[in-house]
Amino acid sequence: MHFFEHRDGELYAENLRVTDLVEEFGSPLYIYSAKTFRRHFEAFDSAFSGLDHLTCYSVKANSNLCILKLLADMGAGMDIVSGGELHRALAAGVDPSKIVYSGVGKRAYEIEQALAADILMFNVESLAELEKIDEIAGLVGKTARISLRINPDVDPKTHPYIATGLKKAKFGLDIESSLEGYKKAKELKHIDPVGIDCHIGSQLTSIDPFLEALDKIMAFRDKLTAMGLDIRYLDLGGGLGITYDEEEPPHPSAFGEALTQVLADQSLKVILEPGRVIAGNAGIMVTEVLYTKGGETKEFVIVDGAMNDLVRPSLYDSFHRIGEVTPKGRPERVVDVVGPICESGDFLARGRTLPGVGSGELLAVYSAGAYGFTMSSNYNSRPRAAEVIVDGDQAHLARRRETYEDLIACEKGCLDSM
Ligand SMILES: *Cc1c(COP(=O)(O)O)cnc(C)c1O
């Protein structure tokens, strides 16, 4: 069952016509399917029903408040990477005892904020951070539950920008330093080392790297147990890939089964941090064709959505399927789909075979639910797009389109002081 599909020659988001949504909310427009979010979360979470586990959705994939609320209502915890994401999660009503905090550069005020909220644990990425958390916890009279993020030196075979578990990555601690780290954690007064954490990368299309990492971590856990540490949590991060084009990533049920086999009798609470696999294919970005032009060697379809709205093609050279909202059956041609931004790197697709399209027609950019809106910016002073959540035959405006006033709001004070 797909919730973005054509019926009678028109693209629908659940029960609503995409054309109607754009008429109401404008273009470019992010459209999310609530039922797809729910189905993806349910499929992922139930894959681990054989284990004591907590699924902490990775907020950075899609951090819209109503999306967080939708998932929290299903029992999701959250994986955050900043104080801003903590603020969002709490505003959406997420239970702080289900929040884990990852990231290499947590600032003092963010650590304080997370301690005040009494989150489940910090995933600590350096010895310096460990000391900082201990110091702050001491000052505010709390004990911080922590995991150390271990970098198992496993190749996830994904795009280098989203491979995080190799030795050369900035993330986590190698196994030797981690042992030092846990010795230190044991001594520090305001630190309670309760878990082990690892996240090796994103958009993984095979289970093997996960199992390889898990193997190293379980061996490492034995060492910690021998040191007298009571490790109760095992956080395996996120990273399960999705189909953008022709990838065939494992289904969450296969992923869950493989991990369950290794972890069934381990008396550990397993934490998972899926982002892309929940959100990626639960959203599209719709964009309107402004102009077409035939260059000498190339043909361009110029659309109103740009790299500031969806940066993945420009940043990772990633593929997003693009199709007509209202297919008209015209002959295909090979085109670059580009935005209005003054950068040659501003494209949504290059060398793409698409039916001929004309001004005013709508294109759907698929698989845009994760790392789409959250990575958007105001480059070229473009107000950011609106986000709409469709649930059956209801459309909820999840984020209004930014206005020109929004663009200058944080700068206007300067006009008076200069
Ligand atoms: C980005 C991130 C995730 C989510 O990754 P996906 O590939 O979207 O599942 C999970 N954990 C951490 C620590 C991350 O940085």
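The count begins at 1 with the first shown residue.
The backbone N, Cα and C atoms fix where each Cβ goes, glycine too.
As annotated by TrEMBL, domain 'Orn/DAP/Arg decarboxylase 2 N-terminal' applies to 36-279. Positions annotated as N6-(pyridoxal phosphate)lysine by TrEMBL: LYS60. Positions annotated as pyridoxal 5'-phosphate binding site by TrEMBL: GLY239, GLU273, PRO274, GLY275, ARG276, TYR371. Residues annotated as substrate binding site in TrEMBL: ARG276, ARG312, TYR316, GLU343, TYR371. Annotation source TrEMBL lists active site, proton donor at CYS342.
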Length of the line joining the Cα atoms of GLY275 (pyridoxal 5'-phosphate binding site) and ARG312 (substrate binding site), in Å: 15
Distance-selected recorded positions near ligand 1 (C-beta under 6 Å), from GLU273, CYS342, GLU343, TYR371: GLU273
Span of the pyridoxal 5'-phosphate site, taken as the largest CA to CA distance across GLY239, GLU273, PRO274, GLY275, ARG276, TYR371 (Å, rounded to a whole number): 15
Cβ-Cβ neighbours of TYR371 (pyridoxal 5'-phosphate binding site) (radius 10 Å): 25
Least surrounded among the recorded positions, given as LYS60, GLY239, when other CB atoms within 10 Å are counted: LYS60
Neighbouring C-beta atoms (10 Å sphere around the C-beta of GLY275 (pyridoxal 5'-phosphate binding site)): 24
Distance in Å spanning the most remote Cα pair of ARG276, ARG312, TYR316, GLU343, TYR371, given for substrate: 27
Candidates GLU273, GLU343: member of the binding-site residues with the richest Cβ shell (10 Å): GLU273
GLY239 (pyridoxal 5'-phosphate binding site) versus recorded positions LYS60, TYR316, CYS342, GLU343 - nearest by Cα: LYS60
Inter-residue Cα distance where the pair is CYS342 (active site, proton donor) and GLU273 (pyridoxal 5'-phosphate binding site), in Å: 36
